[in-house]
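Below: the structure, in structure tokens.
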Amino acid sequence: MLNKFARSFATKIATPIAKILLRIHLSADAVTTIGALGVCTGALWFFPRGEFAPGVLFITFFVLFDLLDGTMARLSGTTSTWGAFLDSTLDRLADGAVFGGLLLYYARQPHETSATWASLFCLVFAFVTSYARARAEGLGMTGANIGIAERADRLLITLAGAFIVDIANLPSDTLGYILWALAAASALTVWQRMHAVAKEIEKKRTDHIHPVP
């Protein structure tokens, strides 16, 4: 959902910064890699220690790199299949680190079983939602680019929730409730994508059997 509304705004912000990075001969692939490694480092260092607010600030800085790499590739004329593959692959690594960091924190707490499971479900569905779309597109289907909890939505909700819980000194299980809601939204997104692909497959089958004259 956020992807549709934020893309044009993010491009306007990213363009001048991307031009500066290109002037110092930094490539789009390098920015992609730096951003992903920064997110992983922040998530796996701060979150397991319960330092949510510093972790979110650290991660947010490197998440901004994700807004820059595509813009840099377009401005420099270096858009490539490899760049898209690298970006998608490292995005999955970063997602795993964010939810893995939260999982490590809650798994160490004596009375946070519910939040531990919520973190695990979010970790699993972060991969399944992305895989459902990637697999559908690999099969030539276009209907899986929908869902109420796309990657930007999941990341924003998780980081905002962790930050607020920390600075407001709320009970840590408050974030667990947020993660359960996110897990449910992610599960619904998987269903939406599966349903859309099933309808698309059925339509293609019907059109093949009964072609339009």
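Along the chain as shown, residues are numbered 1 onward.
Note that Cβ sites are derived from N, Cα and C of the backbone, with glycine treated the same way.
Here TrEMBL flags 20-46, 52-68, 114-134 as transmembrane segment. Residues or ranges marked as CDP-1,2-diacyl-sn-glycerol binding site in TrEMBL: Asp29, Ala30, Val31, Thr32, Gly70, Arg74, Ser80. For Asp66, Asp69, Asp87, the entry in TrEMBL reads Mg(2+) 1 binding site. Feature annotation from TrEMBL assigns Mg(2+) 2 binding site to Asp66, Asp87, Asp91. Sequence annotations record features per position, and here TrEMBL assigns active site, proton acceptor to Asp91.
All features noted in TrEMBL, drawn onto the structure.
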residue: Asp29; record: CDP-1,2-diacyl-sn-glycerol binding site; contacts (Cβ under 8 Å, 6+ apart): Asp69, Trp82, Gly83, Leu86
residue: Ala30; record: CDP-1,2-diacyl-sn-glycerol binding site; contacts (Cβ under 8 Å, 6+ apart): none
residue: Val31; record: CDP-1,2-diacyl-sn-glycerol binding site; contacts (Cβ under 8 Å, 6+ apart): Leu21, Phe65, Leu68, Asp69, Met72
residue: Thr32; record: CDP-1,2-diacyl-sn-glycerol binding site; contacts (Cβ under 8 Å, 6+ apart): Phe65, Asp66, Asp69, Gly83, Leu86, Asp87, Leu90
residue: Gly70; record: CDP-1,2-diacyl-sn-glycerol binding site; contacts (Cβ under 8 Å, 6+ apart): Ala28, Thr79, Asp87
residue: Arg74; record: CDP-1,2-diacyl-sn-glycerol binding site; contacts (Cβ under 8 Å, 6+ apart): none
residue: Ser80; record: CDP-1,2-diacyl-sn-glycerol binding site; contacts (Cβ under 8 Å, 6+ apart): Ala73
residue: Asp91; record: Mg(2+) 2 binding site; contacts (Cβ under 8 Å, 6+ apart): Ala36, Asp66, Ser130, Arg151
Beyond the flanks of the transmembrane segment (52-68) by at least 6 residues, Cβ under 8 Å: 10-11, 13-14, 17-18, 21, 28, 31-32, 34-39, 41-43, 45-46, 87, 91, 98, 101, 155, 159-160, 162-163, 165-167, 175
Distant-in-sequence neighbours of the transmembrane segment (114-134), which means Cβ under 8 A and at least six residues beyond its ends: 88, 91-92, 95-96, 99-100, 102-103, 106-107, 144-145, 147, 149-151, 154, 158, 172-173, 175-177, 179-180, 182-183, 186-187, 189-190, 193-194, 197
Residues of the parent chain within Cβ reach of the transmembrane segment (20-46), under 8 Å, 6 or more residues beyond its termini: 52, 54-55, 58-59, 61-66, 68-70, 72-73, 75-76, 78, 82-83, 86-87, 90-91, 93-94, 97-98, 100-101, 104
Shell list (Mg(2+) 2; ref centroid = CB of Asp66, Asp87, Asp91; cutoff 8 A): Thr32, Gly35, Ala36, Asp69, Ser88, Leu90, Ala94
Number of other Cβ atoms within 10 Å of the Cβ of Asp69 (Mg(2+) 1 binding site) across all protein chains: 26
Max CA-CA distance, Å, over listed CDP-1,2-diacyl-sn-glycerol-binding residues Asp29, Ala30, Val31, Thr32, Gly70, Arg74, Ser80: 15
Surrounding CB atoms that lie within 10 Å of the CB of Asp87 (Mg(2+) 1 binding site), all protein chains: 20
Reduced DSSP assignment, Asp69 (Mg(2+) 1 binding site): helix
Environment of Asp29, Ala30, Val31, Thr32, Gly70, Arg74, Ser80, the listed CDP-1,2-diacyl-sn-glycerol site - residues of the same chain whose CB lies within 8 A of the CB centroid: Ser27, Ala28, Leu68, Asp69, Met72, Ala73, Thr78, Gly83, Leu86, Asp87
